[in-house]
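What TrEMBL annotates here:
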- 28-45: transmembrane segment (TRANSMEM)
- GLY34, ALA36, VAL37, ASN41, SER265, ASN297, LEU414, SER418: Na(+) binding site (BINDING)
- 51-73: transmembrane segment (TRANSMEM)
- 94-116: transmembrane segment (TRANSMEM)
- 180-198: transmembrane segment (TRANSMEM)
- 210-234: transmembrane segment (TRANSMEM)
- 254-276: transmembrane segment (TRANSMEM)
- 402-423: transmembrane segment (TRANSMEM)
- 444-469: transmembrane segment (TRANSMEM)
- 475-498: transmembrane segment (TRANSMEM)
- 519-541: transmembrane segment (TRANSMEM)
- 568-590: transmembrane segment (TRANSMEM)
Amino acid sequence: MSKDLPIDMPPEAPKEDSRPKWDNKFQYILSCIGFAVGLGNVWRFPYLCQIHGGGAFLIPYFIALIFEGIPLLHLELALGQCLRKGSISAWSAISPYLGGVGVGSWMVSVLVSLYYNTVLTWVMWYFINSFQEPLPWSVCPLNENRTGLNEECYESTAVNYFWYRKTLNITPDITESGTLQWWLVLCLAACWAIVYLCTIRGIETTGKAIYVTAIFPYLVLTIFLIHGLTLPGATEGLAYLFTPDLNVLKNPRVWLDAATQIFFSLSLAFGGLIAFSSYNPPKNDCEKDAVTVAIVNSLTSLYASIPVFSVLGFKATTGYWDCLDRNIISIINEFDLPEQSIMRENYTDWITFLNSSYPEKIAGLKLKSCDLQEFLDQSVSGSGLAFIVFTQAIILMPGSQAWAILFFTMLFSLGLSSMFGNIEGVFTPLLELQIISKSIPKELLSGIICLVSFLIALCFTLSSGSYWIDIFDRYAGSVPLLVIAFFEVTGVVYVYKIKRFSEDVKWMTGRKLNLYWQITWRFISPLLLLVVFVAFVALQIQKPPTYTAWNPKHEDFPMKEEKAYPPWVQAICVLLAVLPCIFVPLVALFQLVKKMWRSKDLSFLSPEVFSCQEVNRNFSHPKK
């Protein structure tokens with residue numbers, strides 16, 4: 001702790017703090033949870049459990065949570081609360097040479113906000129169409145001559161056709177841009193308008209909206225959970241999800257996926273968490289907050305997996321039964337058997353008997369192989385889970401219209417609460433930078449940010465837009481975050497110094513940091529980040545980047561066609577990954593040159609040594 005002020009120095013009267021504050025602690029925790037809990041908890045975590053040995057995946061997942069997720073989350077919340085600044089100002093205050101860390105996280109928030117809100121555009125489009133009866137993705141439309149079904153839809157499925165043709169109107173190649181899709185443009189404008197209205201005055205408005213956007217998804221998940229468990233096949237889906245296969249733990253990819261899922265799921269290194277915690281009073285238990293948010297986020301992923309796989313188990317079972325029923329009808333017609341003589345229950349016995357007695361006849365029927373395990377193995381994540389697999393399952397439910405409305409309202413709420421954190425990561429640093437005049441009202445600045453973002457995001461509403469969203473998600477929202485987080489933890493530990501930061505945390509929480517925080521911050525977390533980064537880059541280099549295109553003229557259609565990115569697209573991929581990271585050395589170099597120019601002093605650390613007590617000496621604590 002820093003030394004007390006000299007006795008002969010009169011204490012300054014507490015100044016009125018002009019910085020916005022949370023209405024209460026619950027509002028702040030909800031905002032952090034809303035930012036952390038997003039679409040990935042519903043459509044990526046269950047998929048990772050499914051492909052990586054079910055319950056066995058939880059072992060590396062919780063190890064990564066303990067040694068990577070919680071320490072980094074605590075560090076960000078403590079830093080924002082201590083300095084009471086946004087990401088750029090906070091890192092510049094620690095050392096001018098670290099200002100690039102804040103600029104990099106600001107840039108990531110900008111890039112992610114652009115494409116993340118376009119995903120909400122798709123959700124809104126499906127929500128609007130959910131009010132139709134029957135659901136528009138449940139039946140194939142007629143062809144132009146009205147003499148039969150649309151060929152593209154007939155060869156694939158009604159669900160695929162609605163997603164790829166009616167929603168995206170996708171091109172068969174990323175190099176074919178196509179035109180702006182007016183329905184997506186309108187939905188995008190509506191989404192940015194909603195984000196603007198909710199973030200118009202920063203946390204003063206998002207703090208009110210978060211009560212709905214953060215709590216509503218849990219209500220819907222509970223409704224889906226109760227309904228999902230009553231569906232036929234739900235037990236098979238849950239057994240498939242949670243049955244552990246410990247052999248997969250030998251695969252390094254499992255550990256890599258666990259580490260990256262924890263990292264991205266908690267929304268670390270975006271700057272939004274630093275911004276949120278900067279609105280706290282300095283004396284607040286940020287350690288308890290970090291553990292609470294991290295545990296709630298992980299438990300939400302587990303909780304969401306149950307209704308998701310109850311529904312997917314139902315879909316797999318329904319598909320399996322349909323397969324059996326088609327085979328049964330073929331056998332009954334071929335052998336002129338009485339109806340209901342062959343049932344699903346005795347199908348295997350009949351097939352065994354007929355195969356031994358009439359092998360040629362059975363072979364001639366070309367019966368489909370019906371295996372429930374194969375239907376359960378059809379794993380997808382991301383937009384494929386939300387807009388294809390889950391929508392197909394919803395069609396099969398009684399009252400499908402109501403379930404579709406509930407499902408897409410939940411997805412929109414999840415995405416919107418995450419957008420609040422992204423926008424806060426953009427909004428707060430801009431307010432604090434002196435390049436923006438203080439005379440500009442918050443409402444105007446928020447409006448300019450949303451309008452510019454909308455205009456740039458129009459490129460994602462082109463027919464090729466979904467290909468570019470995949471690129472942004474894969475490159476702008478991955479590698480840069482690992483790099484930024486590495487510099488965050490090393491900056492605090494080795495530049496600001498862990499001893500001084502420990503004293504700051506003790507002053508804020510009233511408790512001395514235990515050995516767990518000391519070891520994870522000093523050694524384990526930086527090392528884990530470095531290993532994950534190297535492994536991530538190595539995997540990218542091993543296999544040239546490819547994408548899957550929806551091409552009705554492809555010989556294996558409706559299978560998607562795998563294509564390599566052209567060189568100019570690969571260059572953009574590299575640019576998106578490097579752009580946020582490059583600010584770290586650039587800002588450090590700029591500060592070094594500036595210092596050399598002014599004083600010829602090459603000392604690395606800024607001469608000013610401060611602590612939380614000094615920064616917040618004039619903070620007026622609210623009366624209890």
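Here the Cβ of each residue, glycine as well, is placed from N, Cα and C on the backbone.
Within the chain, the transmembrane segment (254-276) has long-range Cβ neighbours (under 8 A, six or more residues past its boundaries) at 28, 31-32, 35-36, 38, 40-41, 44-45, 48, 52-53, 56-57, 60-61, 63-65, 68-69, 72-73, 76-77, 79-80, 85-88, 90, 102, 105-106, 108-109, 112, 203, 248, 293-294, 297-298, 301, 418, 421-422, 424-425, 427-429, 477-478, 480-482, 484-485, 488, 528, 532, 535-536, 539.
Within 10 Å of the C-beta of ASN297 (Na(+) binding site) we count 24 further C-beta atoms, all protein chains included. Surrounding the centroid of the Cβ atoms of GLY34, ALA36, VAL37, ASN41, SER265, ASN297, LEU414, SER418, where the record places Na(+), the chain contributes additional residues within 8 Å, namely ILE33, PHE35, GLY38, GLY40, SER267, THR300, SER417. Fewest Cβ neighbours within 10 Å among the binding-site residues SER265, SER418: that distinction goes to SER265. Counting Cβ pairs closer than 8 Å and at least 6 residues apart in sequence, the transmembrane segment (94-116) and the transmembrane segment (28-45) reach fewer than three and form no contact. Counting Cβ atoms from all protein chains shown, ASN41 (Na(+) binding site) has 26 others lying within 10 Å of its own Cβ. Long-range neighbours of LEU414 (Na(+) binding site) (same chain, six or more residues apart, CB within less than 8 Å of its CB): VAL37, GLY38, LEU39, ASN41, VAL42, THR213, PRO217. Beyond the ends of the transmembrane segment (402-423), by six or more residues, the same chain brings 31-32, 34-39, 41-42, 109, 112-113, 116-117, 119-120, 123-124, 126-127, 130-131, 135, 194-195, 198-199, 206, 209-210, 212-214, 216-217, 220-221, 223-224, 227, 267, 270, 272-273, 275-276, 386, 390-391, 394, 446, 449-450 to within a C-beta distance below 8 angstroms of the stretch. Close to GLY34 (Na(+) binding site) in the fold, though at least 6 residues off in sequence, lie ILE210, THR213, ALA214, SER417, SER418, PHE420, GLY421, each with a CB less than 8 Å from its CB. Among the stretches 28-45, 51-73, 475-498, 519-541, the one making the largest number of Cβ pairs under 8 Å with the transmembrane segment (568-590) is 475-498. Sequence-distant contacts (6 or more apart, same chain, Cβ under 8 Å) of ALA36 (Na(+) binding site) comprise SER265, LEU266, SER267, VAL293, ALA294, ASN297, GLY421. The number of other Cβ atoms within 10 Å of the Cβ belonging to VAL37 (Na(+) binding site), over all protein chains shown, comes to 27.
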